[in-house]
Amino acid sequence: MGCAPSIHVSHSGVIYCRDSEESNSPHQTTTISQGTTTLHGLFVKTDAADSIPSALAYQSRQPPPSAGPRRKERRESGGASARSRTPHCCSVEAETQTSSSSAKASTTEVQVGPMRLTQYPIQVLLVFAEEDNQSNGFWWACDRAGYRCNVAWTPESALECFLDKHQEIIVIDHRNSKYFDAEDICRSIRATEPSEHTVILAVVPRTSADQEETSVLPLLDAGFDRQFMENSSVTACYNELVQIEHGEVRSQFKLRACNAVFTALDHCQEAVEITSEDHVIQYVNPAFERMMGYCKGELIGKELTELPKSDKNCADLLDNINTCIKKGKEWQGVYYARRKSGDSIQQHVKITPVVGQGGKIRHFVSLKRLHCTNENTKQLYKSHREDKYTGDNSQSESNSYKCKNRRKDSIDVKSITSQSSDAPSLQTRRYSSMARIHSMTIEAPITKVINIINAAQENSPITVAEALDRVLEILRTTELYSPQLGTKDEDPHTSDLVGGLMNDGLRRLSENEYVFSKNMNLSHSHLPVPNTINDVPPCIAELLDNEESWDFNIFELEAVTNKRPLVYLGLKVFARFGVSEFLNCSEATLRAWLQVIEANYHSSNSYHNSTHAADVLHATAFFLGKERVKGSLDHLDEVAALIAATIHDVDHPGRTNSFLCNAGSELAVLYNDTAVLESHHTALAFQLTTKDSKYNIFKNIDRNRYRTLRQAIIDMVLATEMTKHFEHVNKFVNSINKPMASEETSPHSEGSDTECTANIKNFPDNQTLIKRMMIKCADVANPCRPLELCIEWAGRISEEYFAQTDEEKRQGLPVVMPVFDRNTCSIPKSQISFIDYFITDMFDAWDAFAHLPVLMQHLANNYKHWKTLDDLKCKSLRLPSENNN
């Protein structure tokens, strides 16, 4: 056999390889480009000269008849690789692709409880400073056992190789420290996450008969699992590795499989709690944290007796449970638990004893879910998780307003079943759909829905499968919550109104840029601003005495305050809800803040001015006073809602988002044409608030509370953006209305509002849905106000839309809502369309939750008023006879 090949690197980073016997023949030189190339039986992996690996992967070799020649072959190749090592960090990779031992390298079935696992061939990493009989012994032992083996010659390459392959066994040469410190290598590997399930073996020098054997404790402290007394016999090395495989490696493999179980527990929708035999909490999953309001760190290590108990349970219930489970029997039943907030919730609990060490009960596993009285309400917790992002397209059947039949149908269901079917094409479409779904790597809730439908198609009749195909096409669209409108010829008012409010525009015309001036320092009359709520002028104070009534006349307050109703109403409402106390700020700071916010509303706008802000604040305060709303929210939620209502339209230019996008305004560019105005309102409000200490109402609250409050305010203001209107309403109906309706109609339900709101409080996401729905209803509550107020608001919003249409025509911009032409518009038609498409279902849902009979009566009366005008072809706000009067 010739000498081992040598490797040379040119200055350009090209690798050359020569066989030593033929090194004098230039034509034998082989040039290797970057990448992985086979040369002279070696694999060389490199990207450039500076990254040459210091050991090379060996190709498949037929084992020689005896071990001697095999050792010689490896020493010759290994010697070449050792000699070719460069001074810098090098990596060694020597993966044996065996042929004769391939049967031994096959996968193994391992049983862990009810789980059946597949164990793949063991990977071993040898870390030696140089090749010797001991490294050869382990190399051939790996070959005999069918293990995949890698060799590293330096600490750096050892760590690099381990992080790349995560070997199950690592053998480190600990016989001398001339080349590297074995314990340092072990510590560096143990510092990585993958090493948790790796067995590390230290090869230590053999002691003479007259020497005392050293303690193994220093090795254990360094991170080694065991030591191997130096012995180059392949059989001795083989025995050691096989024992490790069937002992520690097999055990670690089973432990690693537990990660799958913990992942399942973490994503389980039932609350799971595991305790010791002494009832010390050992584990809780995220669902348990959400249900009980605790975080994991507050529970682990505590005894159950340390946690607060509900007083709603029978006196002897706990004793009965303990007696049952201590006997090794499973207990199942209804139990009241107390959340961290102090609320008692009714749970369906299943406790299972688990036998462990010594054949004794070592753990108790508890599965808990909110106790419901029928099958529908048992899904409350499940729908809270799965509908968090997707909601449901269906409307609440029990909460539909009488006018909802006017909505245009978006699909003809009969046409689905009456169409002729083509079975081959249907199958083709079905399988292509499934291929697209299964190729997705992130399974969102909507993906789960699509997978379920795909599975249902497999055994369905052709007509049903066709219908489900149509369903899948709808589900794959982006606008799952927006109704499909009829053609403009059918109802131009509705189409233009809904289209203008639901779209961001996104139609560009060059050389048209709309920039509105910010009304930073509006001039007001010199009506003195009160120092305190008690200093309000008598005429204003008399009006504010009625501010808790839904029929409160905001326009009278606007007139008597010279278009500054927000400061005066704000002082009164904020005092009633203890906002200053919550924020720990003075009334003077709150008053200064209200002045700054009101000054940044545009009094020149006919609708989006501080009077509208005061009106929304009044409606929000009214809703917060309703018993069920009050019981569902915390004080922080109330404060956030009042602040959000106050700032929700600050610096509104009197133009819609679509207009700003079409005009290429600075704000549209800044916020990427998405929720432009709503993003601006919140950003500016916080900028103004934190700009000066004298009106910074947040300056005295701690950072965590401020962040929570700020997030709640931002979320509520963004909810007023109309493109997500149907999404918010549908989520509220499916997460709040339907579970409550099921609970109330159950024959076993006590029907108490307190219990309903307690269940809602258990889920912060439900509280978020309530706050969104509340500010949305407050923002567009005009049709639910007394008729005279409703008419005034209708006139104001129409005038603002008229002004926008006028400006769009002047600037040559796309007209977003053509029906709002002041010369042709029918205001009654526009109001009817707005009520039909936006107000009816939303207020039905809100009324079902908050119980608002007065509002719903006003809505019915106002709708009748607009319908009468429309039937008489009257386009104004009132009948001519009413105008004359």
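Each Cβ is built from the backbone N, Cα and C atoms, and glycine gets one as well.
Features reported for this protein in TrEMBL:
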type     : residues                                                       : note
ACT_SITE : His608                                                         : active site, proton donor
BINDING  : His608, Asn609, Ser610, Thr611, His612, Asp649, Asp779, Gln831 : AMP binding site
BINDING  : His612, His648, Asp649, Asp779                                 : Zn(2+) 1 binding site
BINDING  : Asp649                                                         : Zn(2+) 2 binding site
COMPBIAS : 91-108                                                         : compositional bias 'Low complexity'
COMPBIAS : 391-402                                                        : compositional bias 'Polar residues'
COMPBIAS : 415-429                                                        : compositional bias 'Polar residues'
DOMAIN   : 264-307                                                        : domain 'PAS'
DOMAIN   : 532-873                                                        : domain 'PDEase'
REGION   : 55-108                                                         : region 'Disordered'
REGION   : 381-429                                                        : region 'Disordered'
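For the binding-site residues Asn609, Gln831, the ranking by surrounding Cβ atoms (within 10 Å, all protein chains) places Gln831 first. The binding-site residues near His648 (Zn(2+) 1 binding site), taking a 10 angstroms Cα-Cα threshold over the set Asn609, Thr611, Gln831, amount to none. Distance noted between the C-alpha atoms of Asp649 (AMP binding site) and the residue listed as 'active site, proton donor' is 7 Å.
Cβ environment of the residue listed as 'active site, proton donor': Tyr601, His602, Asp649, His652, Gly654, Glu800 lie under 8 Å away, each six or more residues apart in the same chain.
Taking the mean position of the Cβ atoms of His612, His648, Asp649, Asp779 as the Zn(2+) 1 site, the remaining residues of that chain whose Cβ falls within 8 Å of it are His608, Ala613, Val616, Ala645, His652, Thr720. Maximum C-alpha to C-alpha distance over the listed AMP-binding residues His608, Asn609, Ser610, Thr611, His612, Asp649, Asp779, Gln831 is 22 Å. Under a cutoff of 8 A between CB atoms, and with a sequence separation of 6+ in the same chain, the neighbours of Asp779 (AMP binding site) are Val616, His648, Thr720. For the binding-site residues shown (Ser610, Thr611, His648, Asp649), fewest C-beta neighbours within 10 angstroms: Asp649. Every protein chain considered, the tally of other Cβ atoms within 10 Å of the Cβ of His612 (AMP binding site) stands at 25.
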